[in-house]
Amino acid sequence: MVNKHVQNQNQAPEVVRLVVPPRPVQHSDGGPLTLKERLKRCRPEMNADNLLLVLTILGVIVGIALGSVLRFANLGPTEKHLIQYPGEILMRMLKMMVLPLIVSSLISGLAQLDAKESGKMGSWALLYYFSTTMIAAIIGIVMVVSIRPGANTARDAAIQKGEEKEVSTLDAILDLIRNVFPDNLVQACFRNDETIYKIVPNKAYNASVNGSEPTIRVRSLILKDGMNVLGLITFSIGFGTILGAMGPEGQVMTNFFFVLNEIIMRFVKLIIWYSPIGIACLISGKILEVENIADTARMLGMYMVTVLCGLAFHAIIVLPGIYFAVTRKNPWTFFRGMLQAWVMALGTASSAATLPLTFRCLEENNNVDKRVTRFVLPIGATINMDGTALYEAVAAIFIAQLNRMELTWGQIITVSLTATAASVGAASVPSAGLVTMLLVLTSLGLPTSDVTYIVAVDWMLDRIRTSINVLGDAFGAGIVHHLCKADLDKIDEEVIKEIGEQALSPLSPMSPFDPFRRMSTHLEVNYEGAIERRRSVRRSLRRDHRSPQELRETQSRDLNGLAVNSYQPIPNSEEHSPAGDADTGI
C-alpha cells in the first residue's frame, strides 16, 4: 500500500474530464420538441412583421409584372374593373377604419396625460411633440411645392391657361376654421362645409342692359360630401385632454377607449394581412390605366427623392438643432447613444416594437431619468410622428399634382394641419401611415384610389420615416429631462429627507442601525436578485431589456445606501463596528 501510494505521488496527476450529455430541449410541460418545432426555433427572425414585409414586396412585384404583361392583351373596361376589384375592397376596408382609428387613438393617447400629476413634464412633452410634428409637415410641404415631383410642366401650363378660376383666400381660411368647429358632430362624419359663389339675377334692376339680364355673385355655404377630419380631430383632442385631467373619475371611460383602441389596432392588423393581394390588384390595374409608364416611373422616383430629402433635413438639421438650442449639449453624442434603437426601427418599421430598446438606449447610454422615459416615450410612440407627418404632406400634394389640381393657400394650410393631426392618431404599427393618409386625401377631396401610386415604394419609406419617429421621441425625452431635471432633483431630496427622518428612530422598522434588519435586507436583496436572474431569460423573450444587475443595484441603493449613507452612525454603537459590517456582508 505504501509503494502504491508513493508511486501515485511520483506520477503526474491524471486529468479527469467529465462529459455531461446535452440536455434535451423540452416543452414547458416536459415533453420533447418535434423536428418542426426545432426548425422554428432555429429561425426566430421570421416573425409576423417580417413575413408581412415579404408578402407586401411580393405583392408589389406580382402587381407590376401582371400589369406589364396584361398591357399587351388589349383588355376591355370590364376586365380591367374585375382586376382592380380586390384592390377596391382593400380601400373600402381601410376607409372603414379611418373614423374609429383616429378617434380612439387620439382619445386614448391624450387621456394618459394627467395635467395634475405630470405637470411641467407633460406640458413640455406636448409642446415639443406638436411643434416638431408641425415643423415636419411644413418641411414636407416646402419640399414638394419646390420640387413638384408629380407635375408635368407642359400639361400643367395648358390646363392652367384654359382654367381661370378665381379663388378667395379669405373664404378658404374661413372654411378651414369653420370645419375645425363643426356644429353637428354626427354630420361631420360624412360632410364638411364649403363656401361657393352662385351667379343669380340682380333683382334690383327690372330691365336688362344691352339685352342681357344683370347678375351678381352671391356667397353661399353648402355641405360637401366627405368626412370633416379637422372637426373630428378637434373634438377628439378636447375629449382626450379633459378625460385625462379628470383622473380617477374618468378611469372607466379611459379604459373603454383603451380597449376600443386595442380592438381597432387588431382589426387593422387583420386588414393589413389582406393588403398584399389588394396591393397587387391595385398596382396591376393602375398600370393598365396609365398611358405613359416612363413618366409615371420618373414621377415616383422624384417623389422618393422629395420624401428622403425632407426626412434627412428634419433628422440632421431640425431635431439636433432644437436639442442643442435647449440643452447646449452635443446632439451627435446623444444620437450615437441611440444608434442601436435607430437601426432596429429601420428593420421593424414599428415604433412600438422598438420601444423596449429605446428605453434601454436612453437610460443606459444617454443617462436619461427613468421617470422621464417611462412617461414620455409611451406617449411619444402614439402621438409623435414627425416622419409620418412629413410623408403624408408630401404624398397628398404629390397626388394633387398627379391630378393636375392646383391647391390654394387654404388647402395647403389644411394639408399641414391635417397631416399633423392625422400623424398624432397614426398607430405605431407598420404601414399605419397608409391608413391615416386617407384622412389627408379626404380633407382635400382627392381620389383615395391614387394612393396606389405610392404603395409600390411605401415599404421602404415606411422604415425610414419610422426611424425618424423614434429619433424624435428620443430627442424629446432628452429635452424634457433637461428642462425638468431641477424638479426631479428636488423630489429626490424630499424623498431622501423623508426616509432619513424615519430611519433616525431606533425603534423604526426602517432603521438602518439594527444589524438584523440590515442583514435581512441584504439577504432579501440577494434573493430578489436571484429571482430576477431566473426571470430575465423569459423577459428577454418579450423584448424587455431591463437587466438583473440594474434591479439589484437599484434595490441595494434604495434599501441600504440611501438612508445609511445620508446619516452618520451613532457613536460607540456595537452594531456599526467594522466587524459587524463584515459579518453581515454589507
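Glycine residues also receive a Cβ, built from the backbone N, Cα and C atoms like all the rest.
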Per TrEMBL, the range holding transmembrane segment, considering 89-111, 434-456: 434-456
CB contact flag for the transmembrane segment (51-73) and the transmembrane segment (379-400), at least three pairs under 8 A: no
Ranked first among 125-147, 227-246, 300-326, 379-400, 434-456 for CB pairs under 8 angstroms with the transmembrane segment (267-288): 434-456
Whether the transmembrane segment (379-400) meets the transmembrane segment (125-147): three or more C-beta pairs under 8 angstroms: yes
